[in-house]
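Features reported for this protein in TrEMBL:
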type: DOMAIN; residues: B:57-380; note: domain 'Tryptophan synthase beta chain-like PALP'
type: MOD_RES; residues: B:Lys90; note: N6-(pyridoxal phosphate)lysine
Amino acid sequence: MTARNTVGPVIARRNAEASGALIGYLPVGFPTLDESVEAAVALVENGVDALELGLPYSDPVMDGPVIQAATQQALANGFRLADGFEAVRRITERVDAPVLIMTYWNPVVQYGVERFADDLAAAGGAGLITPDLIPDEGADWIAASERTGLDRVFLAAPTSTDKRIARVVEASRGFVYAVSTMGITGARADVDRAARTVVDRLTSAGAPASCVGVGISTAAQVREVLEYAEGAIVGSALVKALADGGVRGAAELAAELARGTRAE
Amino acid sequence: MALRAQTGPYFGDFGGRFVPESLVAALDELGEAYDLAKLDPAFGAELAELGRSYTGRPSIITEVPRFAKHAGGARIILKREDLNHTGSHKINNVLGQALLTKRIGKQRVIAETGAGQHGVATATAAALFGLDCTIYMGEVDTERQALNVARMRLLGAEVIAVKAGSRTLKDAINEAMRDWVTNVATTNYIFGTVAGPHPFPEMVRDFQKIIGEEARQQVLDLTGALPTAVTACVGGGSNAIGIFHAFLDDEGVGLYGFEAGGEGVDTPRHAATITKGRPGVLHGARSYMLQDDDGQTIESHSISAGLDYPGVGPEHSWLSAIGRAQYRPVTDDAAMQALRLLTRTEGIIPAIESSHALAGTLELGRELGPDATILVNLSGRGDKDMDTAARYFELYDEEAGA
């Protein structure tokens, strides 16, 4: 089984249209599996170009309080890894947007890296974003994603050296995830200036696409990021909208954020 | 290659750096600073002088014949890390990492703590070196180790009670890592055990291996021979690796790590990571860990906060895998009985953590017989555990205990 609907072409198309891509994050199973699927579909129907589905994990060191609370609730509700594949299948049956899974590494190791890749591809998934897997430790995943054609999105940080930036660019496929502030996920008043520098360095190192995440919560911030990056990733703000206003709340914020991807 | 010569990032199939990219530069910086410091005689001399004039090194050994009568007659010798300044072995590592913090020019340190001993040691070093200090401690642990929370605050540290997840040591580590990811430019993470991403397992071991280096010579001086066995409790495993390391290549010396068996390893309430876990990735390293089929970390349990951790250092996983060290579980109750036994027979009140090593040693002594000599790492003193012990053994007057 090989991946079909990968993220690179969508990002390229959106940038060819002189806008840029909006990527929305939601955790699987929050507030329930069904509602997380409905919310993800609603995001796409309201202007999100690609989805990042988070798998709830017991020790999420890169997540801020909003996402921690949501994933902890999903785990308390009985989230299982199989729900992740089911969510991908149900979403990709209904909308065309590519769906990436964001997961900490241990669940993949325990499921089996090859088996995880096969099942993700079979479900119609685009690939993986791996917040605690650096390319140095990623040989198994690089091999499995080569075999299946899945995207592999590694992270780049403001502190990454030039050598590491080059390594991340070489290892990634789909896009490189540029961490915009030195921080964990969570909406911030200003998207850090450091993001622009990271993206410039990624571009110089040959990255075909960089998407900026961590700290973006408004249409204005989306627009600002898309001036220099190929994509903007919104997480905590969407999760908060879903928690506060249900599927409709998340859909409304998505529509608002999508305004940031169009010329005024 | 000598087992003692093993360095990170990998110990066999274990170890590595499974961390966010944001932390790699800080880990590289720390690793490079440590590699330079290792080669710098001035660093070694400064650390040794702190050990001598501040910690109280070398720590003594104490033979405990009245206690040993309960262990099948084997000779039992305690390595007295409980007599160190701040009350446990944790200070050895903290002073090393605090000196490194000065070398890399950072002004703020953070640390996680379980029982509070590593937090107290870090707060102490921060006071000594004039550093800002924030300690993360699970909310459950702040309650059962309230005395250590007060000590840390008195020393000038900010103590943050972590309310996420199981509200114990593993969640304190998560929160400390989040702090580090956010404040890495100004902050050094003084990690307390031989787990975590490279270079921590190697570096913390190197700062703790003085325990075994001293004890090996002290036992030779006392008995004229190497011990039959060396024992220690294992949570993350820093005191155990500290006393094991000097003996790794002494083939005739058995090495035994005693994990927290909680209410029993056939119940869900224990922290016996090597005994009952399987390899996985937690807190930046591949090692044995307690986890479910999906790779979600299982919450551990131990009466001792310092051993209540579902992971273990990668070097221990390696020593277990190659058969060099054995790891066995000791229940809460066996540890508490051993705590009382050492107190009553020798007038030494051990930490509940260290009492796991004592309980395991009682059983091991009966197995090895009267010709054996067993060196036990008494890693900490029991002052912090008086409330737990008083409740366990009903030592409070009724109105006071109510």
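Note that Cβ sites are derived from N, Cα and C of the backbone, with glycine treated the same way.
All TrEMBL annotations are machine predictions without curation.
The structure displayed is predicted, hence computed values, not measured ones.
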| said: For the domain 'Tryptophan synthase beta chain-like PALP' (B:57-380), what's the mean pLDDT in this predicted model? | reply: 97
| query | Taking the Cβ of the residue listed as 'N6-(pyridoxal phosphate)lysine' as centre, how many other Cβ atoms lie within 10 Å? | reply | 31
| message | Helix, strand or coil for B:Lys90 (N6-(pyridoxal phosphate)lysine)? Use DSSP. | response | helix
